[in-house]
């Protein structure tokens with residue numbers, strides 16, 4: 001069959017994408033280290049070319065999907081046409097991810113407008129590519145978000161080889177844009193960090209700023225200051241936007257030519273009902289984290305005493321939050337151990353990618369944590385504040401280990417067939433002659449809503465409504481007399497089991513809501529410059545300044561992405577539970 005050519009196309013397209021990425025990565029590295037003959041304009045020209053190629057492919061794909069409507073069998077309301085095969089879980093998850101990516105895209109557009117303003121103010125000494133890049137990037141952002149809303153759920157069944165190259169080109173274009181954003185933001189953070197080191201007493205470290213600032217004066221000083229400072233506060237959202245886009249496009253690439261069963265689209269909306277406790281504790285953590293970050297950024301670098309107090313405050317707060325998260329995760333895993341529910345082991349590229357990203361990106365912060373632990377053990381002198389780094393680093397490792405187990409098990413668990421939302425649940429009894437007889441459930445009796453003489457009664461068959469029984473009251477009475485009727489003890493037993501299940505679900509939903517807000521809280525400090533791995537100073541003495549800075553710059557982007565991806569996964573867990 002067509003399996004071999006399809007596998008060949010997958011291998012060819014992946015190699016094309018990897019080479020595309022490696023070429024861009026080397027250009028980025030060359031610019032970062034001020035390589036001879038390589039300037040920022042060369043890097044931006046390469047990125048602009050990649051974005052334009054992706055724009056052409058997306059427009060071609062959109063036009064083709066709209067003109068070939070005869071291939072489309074399924075069109076959800078208020079959505080662009082989709083290909084024939086879809087999975088309900090991926091459908092609902094994609095909608096939520098598109099919602100999140102739209103928010104990041106809007107902030108990315110603000111970033112692009114700041115870059116355009118910055119270029120206008122320094123246009124006398126900046127390359128034209130620095131003005132063309134944000135304009136191209138803004139157009140690319142708008143069209144890509146539109147494309148993802150319309151086509152992220154597609155499972156492509158035609159022009160598969162061509163589409164593989166188009167999608168993988170888009171994946172690695174976004175990864176290179178992510179790399180460019182990470183590097184630019186890291187260089188800015190590094191310059192600030194070097195300036196703060198003196199205040200902590202590490203005067204033996206040579207301070208050489210890596211500055212790519214324009215070599216001319218700004219036309220309007222106030223605006224230039226707003227643009228140059230504002231850009232770096234918006235970069236975290238731009239970085240998250242590109243990594244989210246690349247993951248969604250990667251799933252689209254993996255789904256090309258895939259044969260799956262057509263499922264009915266089930267919506268699992270997010271509900272605030274029943275998660276009040278988790279939301280309250282999570283909001284307390286979020287509010288306190290924002291306050292800690294503000295105080296940290298104000299105090300760090302002002303003086304040695306203020307810097308040490310800021311670091312101590314950060315560590316104590318983080319230790320408390322991580323301990324709470326570990327406890328919540330252990331409770332959730334214990335509940336899962338007590339439940340007897342089978343796991344869904346069917347092939348699902350989106351779910352597999354979720355699990356791989358959780359473990360892969362967690363390795364970034366694990367690397368930093370083990371580096372800190374080793375530095376504390378090996379250092380000759382230990383300032384008081386550095387001792388708080390030890391429990392903090394240990395808890396980071398344990399917390400991510402527990403949280404990964406909880407999320408991965410949650411996304412692999414099959415949903416219960418019967419839940420609270422079913423209002424007309426009835427206990428089915430089988431009578432002689434294969435006739436179905438129905439008695440009202442305990443909940444219906446209690447609420448006084450038993451169906452009487454309606455002439456149309458739904459029945460349950462394997463957890464879903466599968467048939468109806470028409471007839472009057474006399475016919476139903478006869479059937480009940482002939483059949484074996486459930487006793488009241490069975491009703492109460494069923495209600496008791498259902499009550500216990502609901503309580504477990506409520507606890508799990510609260511835990512998921514709490515961990516969701518905690519992960520958002522822990523995303524904020526590193527994303528906005530609160531990075532004790534830089535400011536501690538102990539690791540730089542043990543490992544050396546340059547080696548440790550390289551480790552931090554490589555690991556930190558993965559650590560930041562981990563928190564946002566965990567938050568998205570926990571949101572999905574909350575909706576699914």
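Even glycines carry a Cβ here, placed using N, Cα and C.
For 16-37 (among others), the entry in TrEMBL reads transmembrane segment. Within the same chain, residues 43, 46-47, 50, 165, 168-169, 171-173, 175-176, 179-180, 183, 187 sit at least 6 positions outside the transmembrane segment (16-37) and bring their C-beta atoms closer than 8 Å to a C-beta of that stretch.
Residues 20, 23-24, 27-28, 30-31, 127, 129-130, 132-133, 136-137, 139-140, 143-144, 147, 151, 163, 166, 169-170, 173, 176-177, 180 of the same chain lie 6 or more positions beyond the ends of the transmembrane segment (43-61) yet place their CB under 8 Å from a CB of it. According to TrEMBL, the feature transmembrane segment maps to 43-61 (among others).
The transmembrane segment annotation in TrEMBL covers 101-120 (among others). Under 8 Å from some Cβ of the transmembrane segment (101-120) lie the Cβ atoms of residues 126, 130-131, 133-135, 137-138, 141-142, 144-145, 148-149, 219, 223-224, 227-228, 230-231, 234-235, 237-238, 240-241, 244-245, 248, all in the same chain and six or more residues away from its ends.
If you look up TrEMBL, you'll see 132-149 (among others) marked as transmembrane segment.
The transmembrane segment annotation in TrEMBL covers 161-179 (among others).
Feature annotation from TrEMBL assigns transmembrane segment to 232-253 (among others).
For 274-298 (among others), the entry in TrEMBL reads transmembrane segment. Here the transmembrane segment (274-298) has long-range neighbours at 310, 313-314, 317, 321, 324, 506, 509-518, 520-522, 524-525, 528-530, 574, meaning same-chain residues at least 6 beyond its ends whose C-beta is under 8 angstroms from one of its own.
The transmembrane segment feature in TrEMBL is assigned to 314-336 (among others).
What TrEMBL records for 357-382 (among others) is transmembrane segment.
Annotation comment: TrEMBL describes 388-407 (among others) as transmembrane segment.
Feature annotation from TrEMBL assigns transmembrane segment to 507-529 (among others). Listed by sequence, the residues of this chain that lie at least six past the ends of the transmembrane segment (507-529) yet keep a Cβ under 8 A from its Cβ atoms are 189, 192, 233, 236, 274-279, 281-283, 285-286, 289-290, 292-293, 296-297, 314, 318, 321, 324-325, 328-329, 331-332, 335, 403, 406, 410, 556, 559-560, 563-564, 566-567, 570-571, 573-574, 577.
Residues annotated as transmembrane segment in TrEMBL: 541-562 (among others).
Within the same chain, residues 178, 182, 186, 190, 202, 205-206, 236, 239-240, 243, 357-358, 360-365, 367-368, 371, 374-375, 378-379, 400, 523, 526-527, 531, 533-534 sit at least 6 positions outside the transmembrane segment (541-562) and bring their C-beta atoms closer than 8 Å to a C-beta of that stretch. Contact between the transmembrane segment (232-253) and the transmembrane segment (314-336) is not supported, since fewer than 3 Cβ pairs fall under 8 Å when only residues 6 or more apart in sequence are counted. Where the transmembrane segment (388-407) meets the stretches 161-179, 314-336, 357-382, the count of C-beta pairs under 8 angstroms peaks at 314-336.
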